[in-house]
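Undergrad: According to TrEMBL:
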| type | residues | note |
| --- | --- | --- |
| REGION | 1-53 | region 'Disordered' |
| COMPBIAS | 12-21 | compositional bias 'Basic and acidic residues' |
| COMPBIAS | 30-52 | compositional bias 'Low complexity' |
| REGION | 85-109 | region 'Disordered' |
| DOMAIN | 165-292 | domain 'TFIID subunit TAF5 NTD2' |
| REGION | 339-390 | region 'Disordered' |
| COMPBIAS | 339-350 | compositional bias 'Acidic residues' |
| COMPBIAS | 362-373 | compositional bias 'Basic and acidic residues' |
| REPEAT | 421-462 | repeat 'WD' |
| REPEAT | 494-529 | repeat 'WD' |
| REPEAT | 536-577 | repeat 'WD' |
| REPEAT | 578-619 | repeat 'WD' |
| REPEAT | 620-653 | repeat 'WD' |
| REPEAT | 662-694 | repeat 'WD' |
Amino acid sequence: MAAVQDGQLNMEVEKDIKTEITNDGSGNINANSSSPGSTSSGGKSKSPAGSGEDQQTLLAVLQFLKRNKLTESVDILRREAGLSADADDSPVSDSAGAGSGGVPNVSADGGDANSLLSRVSIATPSIETSSGFGCGSGGRACRLQCGEDQPDVNVVLSAYSQQGDPVLYPLYYNGLKKFIESVLDCHRAELSQVFYPLFVHMYLELVYNNHENEAKQFFEKFSGDQECYYEEDLRILSSMSKKEHMKGNETMLDFRTSKFVLRISRDSYQLLKRHLQERQNNQIWNIIQEHLYIDIFDGMPRSKSQIDAMSGSLAGEGKRDANKAKVFYGLLKEPEIEVPLDDEDEEAENEEGKPKKKKPKKDSMGSKSKKQDPNAPQQTRIPLPELKDSDKLDKIMNMKEATKKIRLSPDNLPSICFYSFLNAYQGLTAVDFTDDSSLIAGGFADSTVRVWSVTPKKLRRVKSAADLSNIDKESDDVLERIMDEKTASESKILYGHSGPVYGISFSPDRNYLLSSSEDGTVRLWSLQTFTCLVGYKGHNYPVWDTQFSPYGYYFISGGHDRVARLWATDHYQPLRMFAGHLADITCTLFHPNSNYVATGSADRTIRLWDVLTGNCVRILTGHKGPIHSLAFSPNGKFMASGATDGRVLLWDVGHGLMVGELKGHSDTIYALKFSRDGEILASGSMDNTVKLWDTLKAFDDVELDDFTAATGHIHLPENSQELLLGTYMTKSTPVIHLHFTRRNLLLAAGAYNP
């Protein structure tokens, strides 16, 4: 929906809008007003219903659908619009939609032509040509070809068909700039958000209408005024200097098909609206109506620092409505498994009191697992694999290890063990450790995956089928007997990919390994036979990351096609496709309860997806560069993210709010990991350092009552240096992975860069 419709509003209309805003509840301006540009020479408002522009618009679309033999869509549109069967046979006037620059107005009786158009574009995704560029309101799926043979549809659906005097564009922009610079300080920061999206769309409008020289001059004059974090976007934008460059351009599609979201207080918005009405500035108002979503809130305007904390993404801030859905961030109840106490006798040899001290710990642990977290999803909300006997044994081992876990604190920091990959000239691109820290795997640019044992136990393959038939299956050590000692080695190389490997992930039971590659596939490898079991084909472009669910069975992948896919190991097709990002998905991560998936993107946003419904339940903005690392706290309540801007941002998952900012790194952050108890966060960066942060203090200092999603106000404390517990330098080795062992020893990995 258009968040703001143009309007020369009288007192009566303003009253109607205020009433509707109250009913809406979200504070968004709905498309119910007329346009400041649609006034007659006498200065009176022109009635859109009387002009017949809606009718002409619909007829144009009907004719287009008929030409493409989409009869079912024609019938649906006729029914929705209440048109007779022969209505669309009449010729369409050349002036259809021209009064508002090809943007259909909304009739006074509530018939919304825009919603009908969007319904058509969504209901008929087959209207697509490979050479066209995005020009419908249906997004990327609706790429209509706007050729010379379709002038009527071109007027209605083309990207920038409004034709204004190109000489006046700098005057319009400069006039608005002077106005915003003259308003009170409290409004200036909020209204300044308009500069960037307005600049982009005015430039593209000039280019689209073949005013190349004027567009170049406009870009040179005002590009320097934009915020520094849009520098990369402006560089790409400057390459689109001719109309031909816009066709099929992904960046162009992003700007065209997604409205730029601005969060502005009602007082600031009223100032802007009044200024544009007084100046009769139709060109700017048309762009605001067509390409911006103004999310209005009641209350005090936000300060520059508050706005900067949340802005920076490709499409502005996330809408407040996007973060209102309830998220069940609690952990699932652990299965009740009795822990045998036999092994503790060994500990008693050194110190008699130890077993007695450990018993209460185990008891408390057991009682903790029996409690149901009120914020947790239902145990059966999504189907999870049943626990095998081997899984139960592993959980018992995990519980025993937990009793020996070191309690970390600012006064008791973890030891760090760094694994340096030497002579990695084939280019180390990804690393992962198993949960029990017994195996390490690396993905390389030469298309190979290599697995190492980091314990004295060597890697062995299962024996051949002929040898297995001779084994006594009833023997107690059958699992040991099936392994072939002749194949024992410290490492194994897995061949199969035909491009660099960018993501790898061990299954929780250590039986499988996932790898994703530039070749567009995700491969599942057996760690019993060290062979490829399945090649999952769904992505058409490089797959940058893949991650197993904490419970196994499910896994997520994301890549250059901007779509994250949810898979199950026994299905060759994805179970879910999560679409919404405007650029590559660079990192993926399951929530600890496996009901949600987080994706970080080059569009500088993080999205949280519900595995059950496929819906996006959180859009988190604030990073100023592509996001490359994500980490959930062990209790599932918080999340950390790292990006090329060198900042770590902390998020409250339940409220969908940023609660902290950790500054200190000078380069891209590729690795983040919370300690097992969640009290310390480790971050690894391309600046060759590992930093430890006191997240317990960061989260304890947060008063969530101070944050109100209704207004979008956020106060980030400048306490990065207080929270930094330590910085550890490597010898010219960028840190690309971090892992806390079950006893809270920190493992780090990277390739030595001579």
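A Cβ is built for glycine as well, from the same backbone N, Cα and C atoms used for every other residue.
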Undergrad: Mind checking how the repeat 'WD' (421-462) divides into helix, strand and coil residues in DSSP?
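TA: The repeat 'WD' (421-462) comes out at 0 helix, 22 strand, 20 coil.
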Undergrad: Counting only residues 6+ away from its ends, which parts of the chain sit with a Cβ under 8 Å from the repeat 'WD' (421-462)?
TA: 394, 397-398, 401, 468, 482-485, 487-506, 508, 510, 513, 515, 517, 519, 525, 527-530, 736-737, 739, 741-742, 745, 747, 749-752
Undergrad: DSSP-wise, what's the residue breakdown of the repeat 'WD' (620-653) into helix, strand and coil?
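TA: In the repeat 'WD' (620-653), the DSSP-based counts are 0 helix, 20 strand, 14 coil.
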Undergrad: Give the nonlocal contacts of the repeat 'WD' (662-694) in its own chain as ranges (CB under 8 Å, at least six residues past its ends).
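TA: Apart from its flanks, the repeat 'WD' (662-694) reaches 402, 405, 407-410, 413-414, 416, 418, 625, 628-635, 638, 640-644, 646-650, 720-740, 742, 744, 746, 748, 750.
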